[in-house]
Amino acid sequence: MAGINNQFPCSFNQASFLRARDPSILSWNRHAIEKVRCNLATEFSSVRSGDSESQKKKDETLNVYLRIKGRVPFGDLYTIEDNVLSCIVPASSQAAKLNRQNRIIIKKFSFSKIFGPHTTQDELFDVTVREKVLDFINGANGSLLTYGVSGAGKTYTMIGTPGDPGIIPRALNYIFRTVCINPNSRPCCKPMPNGKIEILSRSKQEVELQVRQGIFKDQSTSAELLKHERTFLSMQNTLKVTPVGVVDFFPPIFEVWVSFVEIYNENIFDLLEVNSNRGQQRTKLQIGTSHRNTYIKGVKHIFVTTGLEAYQILQFGLHNISYASTNLNMHSSRAHCIFSIKLVSGNNCEEYNVSNFNFCDLAGSERMKKTLNEGDRAKESSKINTSLSVLGRCIRSVREMQKNNSDICSAPFRDSKLTQLLQQALQGKENICMIVNMSPSPETFDENQQALIFSTIAQEVVVKEPKANPSQLQGAFRTFRQSLTNGLCENDFSGDELKEARNDIARLTLEMSEMKQNFEIILDQETSHLRKNYNIILNIKTEQLAEAQQEIERLKKSNNYLEKTRSELHWKLNKLEEQQETIVLSDSEQEDEENSSFSTRKEDKVGDIEEQHLLQVKLLEDKIKRLEAIIREKESEADDRRLHDEENRKRLDELNCTNSELRDEIRKLELTLHDAVRDYYELEEQEKSLRIAFNDLTARNCVLEDKNILLMQELDEYRNRCLLQQQELDDLKNSNTEDIIN
Ligand SMILES: Nc1ncnc2c1ncn2[C@@H]1O[C@H](COP(=O)(O)OP(=O)(O)OP(=O)(O)O)[C@@H](O)[C@H]1O
């Protein structure tokens, strides 16, 4: 476990989930597992004696598979028997020309497995890569190389066709079906060259997302993007039936990053460079070393959350590959291409693991004479052949080093960029396997022989047990999966049941994770919808309430004003009455005749004024009453609204309650499934021990058989040499006789 001290800046919403849907399915599995456990316990006690010895044998030799190209007439030059390919050397071949005896030469090559011309892409992926990809998901590094003559089907094996996808698209689909990553998650932990991670700040996350977006935008036309999308979706449809991997431990951090480079004329170019030009114009990348890791300086790693995104990035890189036609293969790839997937997994920023898987599609080995290469093409061919021969030399010296139990490795890794980058894998320190592609056509017989000899050497390299993961659970899980790889299918005891149980668990896990995802999406949508509606209503109501309160304030103000006016008018009225009384008193002393007409006029005037004032007061009183009624009405409306809001709030609380109950339910179901899976693994642990003992015996038997074949071959070669010497002796005698006669 590497460690860094940064604070983790974000929540990891890309955690994956396991959830049981139907408890009855689960209990069936439990029953099946229990049955298998009993069978195994019986078998286990009978082979316990040989167990400790087989436990020690953890390392295995490099898996080298042979794939024979389909749709090419399979002449009588080659025959396949089990995992051994026999080649009858034709008269036109270089080897036959050297042989003066006119004897039929048969050469035999053994492989981990031979895939005949009718092998499907699915079968090939299943046997060669699936387990390695699962190891990778669990934290082990891995590499897969395709090797062979130009046109033998290396790219077909690695990439495939839209209708029949190859190993990389299948691996991407497999990875993203096995681990469920939230498609909307943001990049948080970027893998660094020294094997550590960089915790990305919000602004750096934005930059990473823009880089990815830049690639999608640059994908020439949107039609092209759509085409890739259709291809991947139809592939997903085809692969829907295949089981997904069962991963025991899903840490909260799970991020996938991809990169894609080509080594062309011994220069490294980034295939994910947007607007990259062909040839010399592109930026050449350099190799750096950090903590014994070789890495490419400045190579782009793109953050992906779905298989489709990763596939589109692969297609973008393929578009940038240097293609040029040769006489052997009109679409020959002239560079070694390395598509890498990096997986960052961990519990937090201090407990994490970065695993890497390299898919290397090597450029085709070819004879320049045969391909009639000239100029640039010839230069390309010579660089390709040089780097492949360095690869051969490296593998040869690693094998020698391992044979001599030496720690000093003199392999010329630095002689080519390819071997420099694959150094760790080629030394057997990583999970590595190789697929040798071969076309059975007689024209490429000699080139095929070279590839076959190379594969024989490579096969003897010992691959160490993949580096253990920090988590004990993961380690245990890998061991369990190895036991499955070690031949669970041909297991005499309870293999079928185990296989069935494994498929059920895989299917169940997939179904559950799909259901979980759907359910989470619906739940989130529902909650956000409700929250949105509630907020809208709340805003409207708040606005209405504020308006009503403003209206009330305004009415209150106008009421106050009217009250003030009324009291002023009353005051004025009183004043007038007083004045009137004063006038009446002063006038009473005057003579009645003189003043009668004047007082009458005054009274009339005062009466008019009084009447007007009374009218005004009445009007104002009416207005005040009306305003008071409006205020009462508005206040009761506001009360109603408050009540309504209260009800809405209660409803939302209830919904939140239901949501959290449902989430609790999901959590419980997840725990139940985890228990079932753990039981299953324990059982598989026991089964593994049995299988190792069984395989050890089979392996010893194979070794003896191999030795026998080798001895036979040596005997043949010895006989050939004797015959040659005999021939030379005869020639010498003849020439001597001729000399004597002369
Ligand atoms: N197993 C197969 N079944 C059917 N067609 C195949 C098979 N293998 C290869 N082909 C076809 O043969 C042609 C050449 O294959 P491919 O491009 O994969 O060769 P290659 O080894 O990658 O060559 P190079 O090294 O020159 O790039 C392609 O058209 C491919 O579809």
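Positions of Cβ are set from backbone N, Cα and C atoms, glycine also.
Secondary structure from DSSP puts Val149 (ATP binding site) in a beta strand. Per TrEMBL, ATP binding site is recorded for Gly148, Val149, Ser150, Gly151, Ala152, Gly153, Lys154, Thr155.
Here TrEMBL flags 491-579 (among others) as coiled coil. Across all of the coiled coil (491-579), the predicted model scores a mean pLDDT of 74.
Annotation source TrEMBL lists coiled coil at 610-686 (among others).
According to TrEMBL, the feature domain 'Kinesin motor' maps to 61-461.
Annotated region 'Disordered' per TrEMBL: 582-605, in sequence order.
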> Taking DSSP three-state, what's Lys154 (ATP binding site) in: helix, strand or coil?
Replying inline: helix
>> What's the number of neighbouring CB atoms sitting within 10 A of the CB on Gly148 (ATP binding site)?
In response: 29
